[in-house]
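Student: Got a structure for you, questions after.
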Amino acid sequence: MDKLLIGGGRPLSGELRISGAKNAALPVLAATLLSDGPVTVGNVPHLHDITTTMELLGRMGLNLMVDEKLNIEVDPSTIQNFFAPYELVRTMRASILVLGPLLARFGRAEVSLPGGCAIGTRPVNLHLEGLAAMGAEINVRNGYIYAEAKRLKGCRLVLDQVTVTGTENLMMAAALADGVTIIENAAREPEVVDLANFINAMGGKVSGAGTDVLQIEGVDSLSGAGLNYRILPDRIETGTYLVATAMTGGRVKLKGTRPDLLDAVLAKLEEAGAEITLGDDWIELDMKGRRPQAVSLHTAPYPAFPTDMQAQFTAMNAIAEGVGVITETVFENRFMHVQEMQRMGADIKLESNTAIVKGVSRLTGAPVMATDLRASASLVLAGLVAEGQTKVDRIYHIDRGYECIEEKLAQLGAEIRRVPN
């Protein structure tokens, strides 16, 4: 198992190209199951979760080819089984996304209950209740979901809570259902919009994506023939490098991104004292060597402040001027990075779902351990500003969501390297 060694104290500067969004690529790859022939997906990030998804599709018998530009061609016509085994699903919660398309296209699915980051209870009951309402027969036994349906029927679904993967699974299922499906209280995330765009590019009829009411008119078949669909840029990777730049007092230009998807994050960075310039597909942030000002925020579903940026802003507040109050409303148990930051000298007090962060003038390098994807990133950011060396262990979490993080940070001037344990 690898770890990262980081020497702090260098301002980040330079230019960086942003990768495709993992959280858009995973549902789009699952949605290739809906196509009646080969479909090509581009701008896919090179990440462990993507490899896992490709292995999962390959185990079902799908034919996958990757070209020199890392475009992935998926041919679902060679499918041999409808089984998603525990050993693959347990490492990645998003594996549940094959359930809806398998059921809609092939009438059956056997999918292990999911794993992924250990942040709170992220139940799949909303997925199952929605599919049952569309006419699926569902049994959960021995840790597996067994689902069957002749042809799903369109219906009106009102989700009890906002769920991104739930919205995506039900949207994919509804794409081939008989009749119209309305999903109310749907997730509005850009990645949900990207999936809707992909389904429509194959001949689907999804409208309302980006609002909280989706309407899906089921069609008889979908085809990805001649389609090369590009995944949208990763807004969380973008945000992470912007915060890293703000923390180190640097100046960085991020290219191949989507500023329009980051309003809440950019507003908080400006509040922290960053000078931000935007283009259609680039963002430049300049701290002019200043120490950031502490900011207060609370997380909520898109378009509000993203929970996936909470840990990074906790790290920024740890070395900022003033006191920042961070309230986490999306997931419970999402402050596991706090204990590790305290080992580096951060002054953070936890009260229920709130972290009160009093900025200190310096952090000191220490051995720390990653506990989940975004927590790991925040510890890397803390290491970039700490005095001395920081060792971040269990970085397989980072590899699930950040493409070559040490190479990209080194490109911006950070002292960081990956070493085997």
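Note that Cβ sites are derived from N, Cα and C of the backbone, with glycine treated the same way.
What Swiss-Prot shows for this protein is this:
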BINDING   Lys22, Asn23  phosphoenolpyruvate binding site
BINDING   Arg93, Asp308, Val330  UDP-N-acetyl-alpha-D-glucosamine binding site
MOD_RES   Cys117  2-(S-cysteinyl)pyruvic acid O-phosphothioketal
ACT_SITE  Cys117  active site, proton donor
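Help me see these features in their spatial surroundings.
Tutor: Less than 8 angstroms from the CB of Asn23 (phosphoenolpyruvate binding site) sit Ala94, Val164, Glu189, Glu191, Asp234, Ile236, each of them six or more residues away in the same chain.
Cβ neighbour count for Val330 (UDP-N-acetyl-alpha-D-glucosamine binding site): 19 (other Cβ atoms within 10 Å of its Cβ, all protein chains included).
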Student: For Arg93 (UDP-N-acetyl-alpha-D-glucosamine binding site), list the number of other Cβ atoms lying within 10 Å of its Cβ atom.
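Tutor: Here the count is 19.
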Student: Quick one: give me the count of other CB atoms within 10 A of the CB of Lys22 (phosphoenolpyruvate binding site).
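Tutor: Around the Cβ of Lys22 (phosphoenolpyruvate binding site), 25 other Cβ atoms lie within 10 Å.
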Student: Tell me the Cβ contacts of Asp308 (UDP-N-acetyl-alpha-D-glucosamine binding site) under 8 Å, same chain only and six or more apart in sequence, or just say none.
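Tutor: Residues satisfying the criterion: Ile236, Gly239, Arg374.
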Student: Distance check, please: Cα of Val330 (UDP-N-acetyl-alpha-D-glucosamine binding site) against Cα of Lys22 (phosphoenolpyruvate binding site), rounded to an integer number of angstrom.
Tutor: 19
